[in-house]
Amino acid sequence: MAEKFESLMNIHGFDLGSRYMDLKPLGCGGNGLVFSAVDNDCDKRVAIKKIVLTDPQSVKHALREIKIIRRLDHDNIVKVFEILGPSGSQLTDDVGSLTELNSVYIVQEYMETDLANVLEQGPLLEEHARLFMYQLLRGLKYIHSANVLHRDLKPANLFINTEDLVLKIGDFGLARIMDPHYSHKGHLSEGLVTKWYRSPRLLLSPNNYTKAIDMWAAGCIFAEMLTGKTLFAGAHELEQMQLILESIPVVHEEDRQELLSVIPVYIRNDMTEPHKPLTQLLPGISREALDFLEQILTFSPMDRLTAEEALSHPYMSIYSFPTDEPISSHPFHIEDEVDDILLMDETHSHIYNWERYHDCQFSEHDWPIHNNFDIDEVQLDPRALSDVTDEEEVQVDPRKYLDGDREKYLEDPAFDTSYSAEPCWQYPDHHENKYCDLECSHTCNYKTRSPSYLDNLVWRESEVNHYYEPKLIIDLSNWKEQSKDKSDKRGKSKCERNGLVKAQIALEEASQQLAERERGQGFDFDAFIAGTVQLSAQRESADVVDKLNDLNSSVSQLEMKSLISKSVSREKQEKGRANLAQLGALYQPSWESQFVSGGEECFLISQFCCEVRKDEHVEKENTYTSYLDKFFSRKEDSEMLETEPVEEGKRGERGREAGLLSSGGEFLLSRQLESIGTPQFHSPGGSPLKSIQATLTPSAMKSSPQIPHKTYSNILKHLN
């Protein structure tokens, strides 16, 4: 037993001395870890909640929770026995001493189970649900009379003893004081209630709410006890509001206009008749229970029953006894809120000078910097003398904060009678991890800092967004793999684009050099015609002989044109022969003799060379295409030039020399391509593939980069 106790002390950091033994983990509260232990002084099992004090925010939450639970004393609220420091030391009444500690322990009443575990077994009988609902309302009446908002009511925070069927409200880690005599609009924290139990007003105005938010959560819990499942289980705020609008009527026109300005795509002209009323969601319940629930789950908080009014409803008359439903005799007021601010002001500088642990793994950048007080503490009262801009740190629940900032659509309203409740999600990429908010809550961008989620929708394309579809479970690993694959593809395509551009530049330079060389060697026919026209326009003079001599010299130049043309044709024929050799045409050793003897072959080769130059000119004007596409298109043209049948033996020999496609459709390696030394690829059949730059001239091929083709798709397309 001693070894087990020491191991728990080391693993979880519980340091309470030898008084408390047999520690067992129970779960996580609003802002701490909860264990059960046996108190050796009274031999009784208790629940111990450890709150780690690491920064001013945690100190503020601990101060607030301790202040509230010390004053609350009710049969339906979990009792607190004592508050201890490290090693089980007793704390003084001065709560300011917490700033000198690194942790605090709250020893409270141990309960057998919670309502969430009970509902996992199935729905409750209506009589049991009514009994638990009465106790919940009885506790809420006392809490609200003390000017306290719980702000985190859910089945996991309602504890039950199954022997006597007693229900008690616990976990006040997110509770706060709110004096109803002062306005708190704009100075309340956002999104503290678990999403499934948030009221419509809390979804529309996260910074402006009242005690009615606890009543909405109580109504959702009552419906869950009757059905065994969550009443409104939305994946995000938009879907949560959508589910509410399907079942809860919007009676007031001002509420409909507010919804119309925020989410017009889901708003109809008549919202008083929901598509799925509560009678469909809760089949089989009594009429009195349905009427009771409909008066609690109202869209407008002004129409919602308070805890005291709900206890007076006829459905609760079987248990209701006003004289046994006490209220707080010492409620909190605005002074208690201001005292928290002043206390934090006095100890603010001291908190930041806490010594770091020697084995702490946090860097200087990991410690939050707070230059102002918390916005949650400021009220519209002259006694609140602080200008606060920081926001309250929101505690995380495993079922909260399951979505990012992409939550609302600001689309043009589509008013018609056909109301579609299906949301339109355009992005299929998503990842799934049900504990995403515990792992990446600081980067998920879910905890919005705007006055209203639904009023200020911004599609943030520059930031990583983890949710594109309404999912309750997200997979962070899939998202990381998808983002890695996308970055690899982008890098690869960029590299290939750079290589193709270089090849295109080399091809254009080679074509320009060839054109300049042809212009330098040819006969200037335009100059000859211009001189002849100018000479014929002039009158004959005495110096006729000299002009005739000039004319004769021009004629002699014209006669030399045929000789020059022959040399040019010969050069073109040689170039065409080289191109045909590179393109894999049938190479014949007696090329010269065939050109001299066969006039038809000479004409075809000249025509082919002209078509090649024409194709190059067209390609310069059009958009760039892959060099493999050019290669295969020219190969098809060269195959059309074959007019004479070739013997089967010679054809096989020439195919091996040229390195083109064999009859089986496989790529063979030619001697010319081996000399180029291009990188190799592997086809699905296992035969090696090489990048081919046959369209470049020999001079350009020496300087052009050897770049592999990015896929086999273009090659296989030409094969087919």
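A Cβ is built for glycine as well, from the same backbone N, Cα and C atoms used for every other residue.
Taken from Swiss-Prot, the feature active site, proton acceptor covers Asp152, and the record attributes it to sequence analysis. A simple way to gauge crowding: the CB of Asp152 (active site, proton acceptor) has 23 other CB atoms within 10 angstroms, across all the protein chains here.
In the three-state DSSP scheme, Val34 (ATP binding site) is classed as strand. There are 17 other Cβ atoms within 10 Å of the Cβ belonging to Val34 (ATP binding site). Annotation source Swiss-Prot lists ATP binding site at Leu26, Gly27, Cys28, Gly29, Gly30, Asn31, Gly32, Leu33, Val34, Lys49.
Taken from Swiss-Prot, the feature compositional bias 'Polar residues' applies to 698-714.
Look at Swiss-Prot and you will find Met1 tagged as ubiquitin cross-link.
Marked as phosphoserine by Swiss-Prot: Ser189 (among others).
Under the heading phosphoserine, Swiss-Prot lists Ser386 (among others).
Annotation source Swiss-Prot lists phosphoserine at Ser452 (among others), citing similarity to another entry.
The phosphoserine feature in Swiss-Prot is assigned to Ser554 (among others).
The phosphoserine annotation in Swiss-Prot covers Ser556 (among others).
The phosphoserine annotation in Swiss-Prot covers Ser683 (among others).
Among the features that Swiss-Prot reports, region 'Disordered' is placed at 638-657 (among others).
What Swiss-Prot lists as region 'Disordered' is 698-720 (among others).
The feature motif 'FRIEDE motif' is assigned by Swiss-Prot to 332-337.
Counted within 10 Å of its Cβ, the other Cβ atoms near Leu26 (ATP binding site) come to 16, all protein chains included. In this structure, the C-alpha atom of Asp152 (active site, proton acceptor) lies 13 angstrom from that of Cys28 (ATP binding site). Within the same chain, the residues at least 6 positions away from Cys28 (ATP binding site) whose Cβ sits under 8 Å from its Cβ are Val34, listed in sequence order. The average pLDDT for the motif 'FRIEDE motif' (332-337) in the predicted structure is 73.
The DSSP secondary structure for Asp152 (active site, proton acceptor) is coil.
Sequence-distant neighbours of Gly32 (ATP binding site): residues of the same chain at least 6 apart with a C-beta under 8 Å from its C-beta are Lys49, Lys50, Ile51, Val52, Ile106, Gly173.
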